[in-house]
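> Quick paste of what TrEMBL says about this protein:
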- 12-30: transmembrane segment (TRANSMEM)
- 95-307: domain 'ABC transmembrane type-1' (DOMAIN)
- 101-122: transmembrane segment (TRANSMEM)
- 134-157: transmembrane segment (TRANSMEM)
- 188-207: transmembrane segment (TRANSMEM)
- 242-268: transmembrane segment (TRANSMEM)
- 288-314: transmembrane segment (TRANSMEM)
Amino acid sequence: MIAFVSRRIAQSFVLVLIVLTITFFLLKLAPGDPMARYYHPDIAPETVELMRERLGLDRPLHEQYARWIWSFIKGDFGVSLAYDTPVSSLLADAIPNTLRLTVAALLLHILVGVALGIASAARRYSLFDRINTVAALFVYSIPSFWLALMLILLFSLRLGILPSSHMQSIGAEEMGWFSLFVDRLKHLIMPTFVLGIASAASTARYMRGSMIDVLREDYIRTARAKGLPEGAVMIKHAFKNAALPIVTITGLSLPFLLGGAVVIEKIFSWPGMGRLAVDAIYARDYPIVLAVNFVVACMVIAGNLLADIGYALLDPRVTVTGRRS
């Protein structure tokens, strides 16, 4: 296991380097000049060129890349061109907020998806199963930005029961701890639902198929023949074996959740990495964009690594070398 984890960590470092390299050169080849914000009649061209030289943007592309990679290795993400603030401090504020939203959506995706999948498998080909199937396909096909706007229109503008944006209300710091908790929970409901419901629908379909396959196995018929309650058969015997693919699906869903967070955070004005990255792209703030890509790549790769390790630990038929015993 140690050799497997070490090998995967080494592969992860290489993959992160590839992702960062591609991102760097794509940003450099994109149209626009990061110094365009300083093109103003009141600012002398010589001053703009001095700033370009101070930031190293006047150097050849390969030198900029080498300096940037070395800075990242040292843990220096540079200074934001738009905010004139160390990127690390901006990330320190944004990462916890993105994690709060992503973890909540991940829990929704697992709990709701698994529960609906088990219920559909237990009542397969029934009216409930058919309704669940149609609803899952419908939800999965809805664009997340459209769903977010419709929820804001309904629950914020029409009914007025949920806040439409931000992570907490103005002046929330003056509330008591319980009132602050409830206020933040209300702000979290709609972004979490929009971000996690499509993944929950997909997980429900995978869980249903996996459960139906397991329920056809001989040991399930044996458990029923022994007189075990149907609930014990479904949870103790069927779910334990049917849930293995969900571990892999959870790891694969991380890129979609983090990628979807970019759109959701912008729509709901959620102060996370996605919103920070979108604003940085508009402002041609390359240090922030590169740093956010680095953090997201690390999160996705770490999530998939944990999913692989978890699958190897849960399924005794799979060895860490990838061979089945």
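Cβ coordinates come from backbone N, Cα and C, glycine included.
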> Sequence-remote contacts (6 or more beyond its ends) of the transmembrane segment (101-122), Cβ cut-off under 8 Å?
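Same-chain contacts beyond the flanks: 128-129, 132-133, 136, 188, 191-193, 195-197, 199-208, 210-212, 215, 230, 234-235, 238-239, 242-243, 246, 250, 253-254, 257-258, 261, 264-265, 270, 272.
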> As a test: from 134-157, 188-207, 288-314, pick the stretch that has the greatest number of Cβ pairs under 8 Å with the transmembrane segment (12-30).
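Result: 288-314.
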> Residues of the same chain, at least six outside the transmembrane segment (188-207), with any C-beta under 8 angstroms of its C-beta?
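Hits for the transmembrane segment (188-207): 100-102, 104-110, 112-114, 116-118, 120-121, 132-133, 135-137, 139-140, 142, 144, 147-148, 151-152, 155-156, 162, 164, 167, 242-243, 245-246, 249, 253, 256-257, 260-261, 264-265, 268, 270.
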